[in-house]
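Here's what Swiss-Prot has on this protein:
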type	residues	note
DOMAIN	1-135	domain 'MGS-like'
BINDING	His10, Lys14, Thr36, Gly37, Thr38, Thr39, Ser56, Gly57, His89	substrate binding site
ACT_SITE	Asp62	active site, proton donor/acceptor
Amino acid sequence: MQKTLALVAHDHKKPELIRWSLEHKAELEKHNLVATGTTGGLLQEALNLPVTRYKSGPLGGDQQIGALIAEGKLDALIFFWDPLNPAPHDPDVKALLRLCSVWNLPVACNTSTADMLITSPLFIEGLYERAVPEF
């Protein structure tokens, strides 16, 4: 079952996300991929797959991904954020992670959780249907 996945990474985490994406290219190519600007360009180049690119995170890209979550257009977020280097758009990062919690969206913030998400039989076989809160 094809899903829409957002892939986002802070500058110091971009190489890690690219390595992870290359390891999981066979699974990623089955899905619609969206990303913030710079990360999306790097992913397109490395994977040779189509990636819908939004603005760079500090220029509103995190908020654009957040809008997809609120509109029910995203199935999971893989967000390798950097907890050791503060970013000028940290409030946007917090808002994005908050939306994942509000809308019960699966989110992976490191390679361990991303591995578990992308290799889960529930995810791969489309057996998991997340409960979307009604407000």
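Note that the numbers count up from 1, one per residue, in the order the chain is shown.
Here the Cβ of each residue, glycine as well, is placed from N, Cα and C on the backbone.
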Residue pair His10 (substrate binding site), Asp62 (active site, proton donor/acceptor) - Cα distance, angstrom, rounded
11
Can you grab the distance from Ser56 (substrate binding site) over to Asp62 (active site, proton donor/acceptor)? Cα atoms, rounded to a whole Å.
8
Listed binding-site residues (Thr36, Thr38, Ser56), ranked by Cβ neighbours within 10 Å, top entry:
Thr36
Neighbourhood of His89 (substrate binding site) by C-beta distance under 8 A, where only residues 6 or more apart in the same chain count:
Gly57, Pro58, Asp62
Could you check what DSSP calls the residue listed as 'active site, proton donor/acceptor' once collapsed to helix, strand or coil?
helix
Over the domain 'MGS-like' (1-135), what does the predicted model average in pLDDT?
93
Non-site residues, in chain order, whose CB comes within 8 A of the mean position of the CB atoms of His10, Lys14, Thr36, Gly37, Thr38, Thr39, Ser56, Gly57, His89 at substrate:
Val8, Ala9, Asp11, Ala35, Pro58, Gly61, Asp62
Under the DSSP assignment, what numbers of helix, strand and coil residues are found in the domain 'MGS-like' (1-135)?
67 helix, 19 strand, 49 coil
